[in-house]
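Reading through the structure tokens given below for one structure.
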Amino acid sequence: MEEFCNSTFWNSSFLERQEADLPLCFEQTVLVWIPLGFLWLLAPWQLFSVYRSKTKKSSITKFYIAKQVLVVLLLIVAAIDLALALTEDSGQDTIPPVRYTNPILYICTWLLVLVIQHSRQRCIQKNSWFLSIFWVLSILCSTFQFQTLIRVLLQDSKSNLAYSCLFFVSYGFQIIILILSTLSEKSDPSHNPSSTASFLSSITFSWYDSIVLKGYKHPLTLDDIWDVDEGFKTKSIASKFEEFMTKDLQKAKQAFQRRRQKKLQQNPEATLHGLNKNQSQSQDVLVLEEAKKKKKKSGTTKDFPKSWLIKSLFKTFHVVILKSFILKLIHDILMFLSPQLLKFLIAFVSNPDTYTWLGYVSAILIFVVTLIQSFCLQYYFQFCFVLGMTVRTTVLSSVYKKALSLSNLARRQYTIGETVNLMSVDAQKLVEVTNYMHLVWSSVLQIALSIFFLWRELGPSVLAGVGVMVLLIPVNGVLATKNRKIQVQNMKYKDKRLKIMNEILSGIKILKYFAWEPSFRDQVYGLRKKELKNLLKYGQLQTVMIFLLQLTPILVSVITFTVYVLVDSNNILDAEKAFTSITLFNVLRFPLTMLPMVTSSILQASVSIDRIEKYLGGDDLDTSSIHHVGNFDKAVQFSEASFTWDPDMDPAIRDVSLDIKPGQLVAVVGTVGSGKSSLIAAMLGEMETVHGHITIKGTTAYVPQQSWIQNGTIKDNIIFGSEFNENKYQQVLEACALLPDLEILPGGDMAEIGEKGINLSGGQKQRVSLARATYQDSDIYILDDPLSAVDAHVGKHIFNKVIGPNGLLNGKTRILVTHSIHFLPQVDEIIVLGNGTVLEKGSYQNLLSKKGVFAKNLKTFVKHSGPEGEATVNDDSEEDDDDCGLIPTVEEIPEDAASLTMKRENSLRRTLSRSSRSSGRHVKSLKDSLRVKNANALKEKEELVKGQKLIKKEFVETGKVKFSIYLKYLQSVGWWSIAFVIFSYGLNSVAFIGSNLWLSAWTSDSQNFNSTNYPTSQRDMRIGVFGALGLAQGVFVFIASIWSVYACNYSSKTLHKQLLTNILRAPMSFFDTTPTGRIVNRFSGDISTVDDILPQTLRSWLMCFFGIISTLVMICMATPIFAVIIIPLAIIYVSVQVFYVATSRQLRRLDSVTRSPIYSHFSETVSGLPVIRAFEHQQRFLSRSEGLIDTNQKCVFSWITSNRWLAIRLELVGNLIVFCSALLLVIYKNSLTGDTVGFVLSNALNITQTLNWLVRMTSEAETNIVAVERINEYINVENEAPWVTDKRPPADWPSKGEIRFNNYQVRYRPELDLVLKGITCHIKSTEKVGVVGRTGAGKSSLTNCLFRILESAGGQIIIDGVDIASVGLHDLRGKLTIIPQDPILFSGSLRMNLDPFNKYSDEEVWKALELAHLKSFVDGLQLGLYHEVTEGGDNLSIGQRQLLCLGRALLLKSKILILDEATAAVDLGTDSLIQTTIRNEFSNCTVITIAHRLHTIMDSDKIMVLDSGKIVEYGSPEELMSKTGPFYLMAKEAGIETANNTEL
């Protein structure tokens, strides 16, 4: 080396002086080769990756030209340098080789750089990260030579002048290039700039600044956020994952088959379990089977293809996993450099003879190390969180895609809720693991390294401290499992409470009618009490855990130092040892707390992985036996086809051979369970093939029996993704009798339909579903009983206009399953099914003349049907009761199957306004209403009609949470408690500062005493006080925590109480405009936030806050000048915080707003699968789902990045604090001692994490306090009138039951028109009054007025001389009785459903049941009156539910009874039972019946005919029938000729 540069290469004497320097030869060789070596090593790999990426070259920019020109200039400088070196005559014999080798190296390098920069034009990211690092290295290494040359020139201005000048010029150019490479190229603004950001901008996340600024100026919207890069889009991730998944799943399936064969060899009779074979197989029986199976199955778990998911995910994302691994490794190693540097600094201050430059170097090193550590950590987090996001996306899209193709058998193992859980809960569990998976190895590494370094400091006495830590792990483990148990228990209470809440909200109308709110309120309170008690226990355990965590580091240091000092009298604690150890103990703390957490989250995730594997590994639909062909002479052909729902059971369709010719209208009839729906399911490919096949020509359209409606406008539902054609659309609307409905619905066809079509009646849903099929231009139309839910005359209209020979669909092949016998003469062919086979087939006339099954059934039917001859038996049922039509009686089917069939449709409908209640039941002829429609159509286009949006948009708060909300929460916690908690934390900080000061005093002993003369008393006092102060810290934290637990528990109690009381007192209109889900959300999500998350957040916040304050106080005590530095740093800190919190809060909101559509779209898809598959729209739904996931992804990605943006800036502030304090220590070296230094720095190194936490907690607190804000919003909902007023009516009121309406007016909501426009009439005592009128005439509004569900807008109602507006609501409602339209029951005992307040004796209850014809049924139940009713009364048939409601009325036995079409859902037998009971039992009461079928009220004393809110006729039936008024016309339409013709 010496010869190579002709001067000394290395001599340590250069460094051992105040003015230290490096030898020039070293600077010209080693320091030149380091950066060049880095570049040449990595360049080939870089160039190769660019060559492989094959993107097209982008245009040349000024930026690119500037960089290339500068490198060319460097090239020229190097060439001049080479020329000088070769021509220079230095007088020496030989030129040192270094003078010409270096310029040659540089020339080659600059050429390489030119090539690299040119090649980057092909990349999106123009700035290469590794070139940036090269420029930094090059400048850093040249700096040494730069200062050496300047020193040489200052001593002797002539030496090497030319070389020095060239060096300075090239140094300048390199700095300019470095500055250029930190700037990013402009990208187009809609694109995510992360892809074009420069290296510096990437590692500091500066490219994200613009969003943070936007978010600070105004709340972010979805449009402000950039889309994720193409690589992160759902489509590309999913397709990449799918490649690996198919291979791995295939292998797993083969392994699964092998396992199965092994098992079968061991246990051959396992396969021979089946069911009794003679069970007729309809879907309902199947559901029963499923229910039975589920009970059996819980014992054994099924095997499925396992352990392939992790492999596939790893193969998909291995690059990211590897990158994050490397970063974490670098970070962990650097973590242990800080304590070593700290040790060096303490030694430096303690020794007055060391050179000052050493101090500066170590201060700078500390800064550089912490900086690199920060960058590595933040990038590692970015990788992990983005990985978490992409894994979630993968799971979401795979589950969705699987759901579209899952076989029916596999699908039946999951409820919709369970599948949505796979997407929400299980995917989330995987995300949590991906965020922390590297901690598994990193914790172990950190623990091992800390113990190693501690051993070097303190020798074996370390083991005492580590032992304590290890001992505390199982203690914490036990506490954690206890806590888990409590949480599981609490989840159960929560579920129960929410179940009741759900029921209360679904049946709120009944509660109001019967004044039952207090009873249910007390039920909820009872559960809430248990829940809060559990929460307290949980909080107490949490506190003990916090106490232990707090104590651990203190205990460990006390024990370790004590043991160290006591073991050997030569051991004296000096500053280096004490503070290095404390820093290391702080490092140890994190991995020890994280390990148990990570393990538990991995265990949870493994369960989730199993569940996802099972779902994704399920069998797909096998449609191989359904052949779709283009040209064929028949439309549909069954060839010897047998199909089954479940391979273990008998086929539901047996050996069917059928030919259906193109263009025919074929009716399929048969009794319940004869396989009609199965036949259709087989054609759609929804069943498992046994043998045979079906050939279908062309496309199909399908109308299911249970209509499936999407959440959207009516128009979207009908068009269903096809082209819009105005003419055709209007035709379809007219044909499907939807025009009159659109008039009633606010906003016409743009009216928004809630989930599952909640605001449409059964008939409307059915017609929308039919319209959807009609609008699609398909070849074959499969209609599964589309007329079941509509009225007779609407049915007729639809048959004529759509299905029949002259309908819109004539010329198409139509397969119609029907119960409506009177349409049969008009069809081309009838297929009679029985027990899964075709019994007869032919035209109507043929079958009649054959006198077979069909003819027999027809006879029975005709006997049953009365004068309304053409109606179906079950006239206006809103259910699709299969029991009408061909079955004469209901007895033939097993009880549960009947109730199941009933269950299908009867979900509770919260209707738009009660006026559109049952628009299926038109009485006014359709033609009239169509005329009106066209006149209105023009008006409606102009503005968004009032009330068109039924559901008020959920109020998403924007901007800062108001301060009053914080006050509201703190007030509910209690001011004294808060003061006390803050005081305790303050004392804790004081003790903390004290123990640190004490430790530094202790370590200063090592200067005054040596091991021989150290007094024992002094030693014991040091240990004792240090221990006491440590204990005090723990105790104060414990007191503060336990107090806050009790205080927060109290606040949860008050908030929930206020919320519940107020919701129960809200008027009915509030429940109509607010979806149940949204209210339940307040009781579930928001209350649980207030219970669990808020108290913890506030505690953490206080601890961090005090921690930071005490650290700063301590640094200032040591070096007061530091106070000056705090101010600018605090300003940076607060401003970063303010910017971040605004953005982060809004991103969190957007994340949750965009997340719910993914799940609701999914559950909608699952419930409508047969329809989607029949129309072959899977792809459209898949891409819609992908779009929704991408929208959510961009919010999540943005949120992750905003966290990193913040963290990197805060860590910078923290690193600056460390750097400044180190620098000050070096500057004020002479006035300080080593113990102060250790004391300051060990705390400063800890501050970065705490600062980070504080901001995190502030934003958490802001995000979570939103829950209080939302609860508060509902605590302040306006109430209805008071339940009880000072003016109480007499106890026996109403004694007569006389009702007067005086010009009574009412409206639903303030912005809507009047519904009742001035009603005046007088109903005498014990009169029976029937109220009729077409839909929307105001019939139901009349009952609501009597109960004051609607308050009057004018006029009054007087009952027995008391104005009902003057008494309390409960006094009024408790005295009236109603049998409502929907028979709503609550879960609980039968008895509770009849008498929730336990007012009546058992005898009275049994008497009521007997009168309601339920006694025999209840007697037969195992538990009698205490028989559990399931949610919504699902385990009773609809008829039984209706009878129970009658029982309620019989128990109350008040003077006034209101019947709201109580018999709409009941078969004829039950109907006449109810009618007779009412006639006999309520003969001395006033009865008001709101009728939808006229024959029920023909025997009333008076009939009131309403039309659009006015009374048009009022008189006895005979009077009204004798004149041709509105009533007469209605009666005629219903086929009633005279007033007494009511037999039915």
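For all residues, glycine too, the Cβ spot is worked out from N, Cα and C.
A TrEMBL annotation is a machine prediction, not a hand-curated record.
The structure displayed is predicted, hence computed values, not measured ones.
Under the heading domain 'ABC transmembrane type-1', TrEMBL lists 324-604 (among others).
According to TrEMBL, the feature domain 'ABC transporter' maps to 636-860 (among others).
Under the heading domain 'ABC transmembrane type-1', TrEMBL lists 979-1263 (among others).
The domain 'ABC transporter' annotation in TrEMBL covers 1299-1533 (among others). In the predicted structure, the domain 'ABC transporter' (1299-1533) carries a mean pLDDT of 82.
Listed by sequence, the residues of this chain that lie at least six past the ends of the transmembrane segment (30-51) yet keep a Cβ under 8 A from its Cβ atoms are 22, 102, 105, 109, 112-113, 115-116, 119-120, 122-123, 128, 130-131, 133-134, 137-138, 141-142, 144-145. Summarising the annotation, TrEMBL assigns transmembrane segment to 30-51 (among others).
For 63-86 (among others), the entry in TrEMBL reads transmembrane segment. Residues 95, 99-100, 102-104, 106-107, 110-111, 113-114, 117-118, 121, 126, 162-163, 166, 169-170, 173-174, 176-177, 180-181, 183, 185 of the same chain lie 6 or more positions beyond the ends of the transmembrane segment (63-86) yet place their CB under 8 Å from a CB of it.
Residues or ranges marked as transmembrane segment in TrEMBL: 128-149 (among others).
As annotated by TrEMBL, transmembrane segment applies to 316-337 (among others). Nonlocal intrachain contacts for the transmembrane segment (316-337), taken as residues 6+ away from its ends with a CB within less than 8 angstroms of a stretch CB, comprise 237, 240-241, 244, 369, 372-373, 376-377, 379-380, 383-384, 386-387, 390-391, 394, 438, 442, 445-446, 449-450, 453, 584, 587.
Residues 18, 20, 203, 205, 324, 327-328, 330-331, 334-335, 337-338, 341-342, 344-345, 348-349, 438, 1203-1204, 1207-1208, 1211-1212, 1214-1215, 1218-1219, 1222-1223, 1225-1226, 1229, 1245, 1248 of the same chain sit 6 or more residues outside the transmembrane segment (357-381) yet have a Cβ under 8 Å from a Cβ within it. Among the features that TrEMBL reports, transmembrane segment is placed at 357-381 (among others).
Beyond the ends of the transmembrane segment (436-455), by six or more residues, the same chain brings 324-325, 328-329, 332, 335-336, 339-340, 380, 384, 462, 465-466, 580-581, 584-585, 587-588, 590-592, 594-595, 597-598, 601-602 to within a C-beta distance below 8 angstroms of the stretch. Taken from TrEMBL, the feature transmembrane segment applies to 436-455 (among others).
Residues or ranges marked as transmembrane segment in TrEMBL: 544-567 (among others).
Below 8 angstroms of C-beta separation, residues 554, 575, 578, 582, 1022, 1025-1026, 1029-1030, 1032-1033, 1036-1037, 1039-1040, 1043-1044, 1046-1048, 1050-1051, 1102-1103, 1106-1107, 1109-1110, 1113-1114, 1117, 1235-1236, 1238-1239, 1243 of the same chain, each at least six residues beyond the ends of the transmembrane segment (973-1001), sit close to that stretch. Summarising the annotation, TrEMBL assigns transmembrane segment to 973-1001 (among others).
Residues or ranges marked as transmembrane segment by TrEMBL: 1021-1048 (among others).
Feature annotation from TrEMBL assigns transmembrane segment to 1098-1115 (among others). Sequence-distant contacts of the transmembrane segment (1098-1115) (same chain, six or more residues past either end, CB-CB distance under 8 Å): 546, 981-982, 985-986, 988-989, 992-993, 996-997, 1037, 1040-1041, 1044, 1048, 1122, 1126, 1217, 1221, 1239-1240, 1243-1244, 1246-1247, 1250-1251, 1253-1254, 1257-1258, 1261.
Summarising the annotation, TrEMBL assigns transmembrane segment to 1121-1142 (among others).
Look at TrEMBL and you will find 1206-1228 (among others) tagged as transmembrane segment.
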Other parts of the chain folded back onto the transmembrane segment (544-567), taken as Cβ under 8 Å at six or more residues beyond its ends: 458-462, 464-466, 468-469, 472, 475-476, 479-480, 483, 573, 577-578, 581-582, 585-586, 589, 592-593, 995, 1019, 1023, 1026-1027, 1030-1031, 1033-1034, 1037-1038, 1041, 1099
Recorded stretch, among 128-149, 1021-1048, 1206-1228, maximising Cβ pairs under 8 Å relative to the transmembrane segment (1121-1142): 1206-1228
